[in-house]
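The annotation repeat 'WD' is assigned in TrEMBL to 7-48, 50-91, 92-133, 181-222, 223-264, 265-303.
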Amino acid sequence: IKPRQKFEGHAGWINGTIHLADGERMITCSEDGSLQVWNLKSGKQMGEDWRDGDTKVWTMVLSPDGKKVVSGSEDGGVRLWDIATGKLIATWTGHTKTVRCMCWSRDGHRVVSGSEDGTAREWDVENGKTILGPIETGHKCAWEVLYSPDMTMFATVGDNEESKHPIKIWDAKTGELVASLNGHADSVLCLAWTPDGATLISGSDDFSIRTWNTKTWKQLALLDEHTEGVYGIAIPPNGRILASASLDNTARLWNLENSQPISSPLHHASLVNCVSFSGDGKLLFTGCDDNNAYTWDVSAILK
């Protein structure tokens, strides 16, 4: 299985990819300190790099209206960008170490972030102020943070406390701990929530992906075909399949109804850091440690 397009231009690992609503562009972020916009058909960069200093960019998320992006950087800053102009709108400060993960609320008014300082913060997008937190998560580093579809909760995962590897569920209004899920044998690195909110999915350095019932918080299934840590997972809008990115140099697609892999792995030249779907679910995006991003035709893979 070959990629549909290859995107070359970054000078460092690609840590995030997002698809824009026009279906013609994507944005990538990298350890080289930049965000870059790409033409999906030509594979060429559009315009100049988005930069604010040389600090490494570890994560980014798209606003629900598709007009803005927030990025998280090694200097602890959360940066808000305007997609139309490629200009920096504001920098939100509060975290004391690298911002590793973020999630935008579905109503567009809030962003929750997690950091290597072990805390999570909820931000008011309008004024950039912290409205909840800092929440001491108990993780040495918060690797992922994710709102539930109804925005009543958010989940955090990260490096461990006392040899446990918990997934923690928090009340999004109060910051109180709702549940702690145990089962992984190593650090949990990524999360996805099915669109109906019924299932939470986690990927770990123990090479496994696990699914969880969000009413009982019990484990449902174990997906264990990867041979190295799972660094990224994503679900398309229809919620029927799952994509995963791994340090075993592959990305995979999974059938969520039977927890089985779909087709053979998607091989890369190096570690695969991140994975995401286009808004219509037809394209899969992967970011690799070879400093390149790739697109894959999902329908062709499913066939």
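Every residue gets a Cβ built from N, Cα and C, even glycine.
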Inset, instruction - Could you tell me the mean pLDDT over the repeat 'WD' (223-264), as a whole number? - result: 94
Legend entry - Non-local residues, at least 6 beyond the ends, that sit with Cβ under 8 Å of the repeat 'WD' (50-91): 12, 15-16, 18, 20-21, 27, 29-37, 97-108, 111, 113, 115, 117, 123, 125, 128
Legend entry - Spatial neighbours of the repeat 'WD' (181-222) far in sequence, C-beta under 8 Å, 6+ residues away: 143-150, 155, 157-160, 164-169, 228-235, 237-239, 242, 244, 246, 248, 254, 256, 259
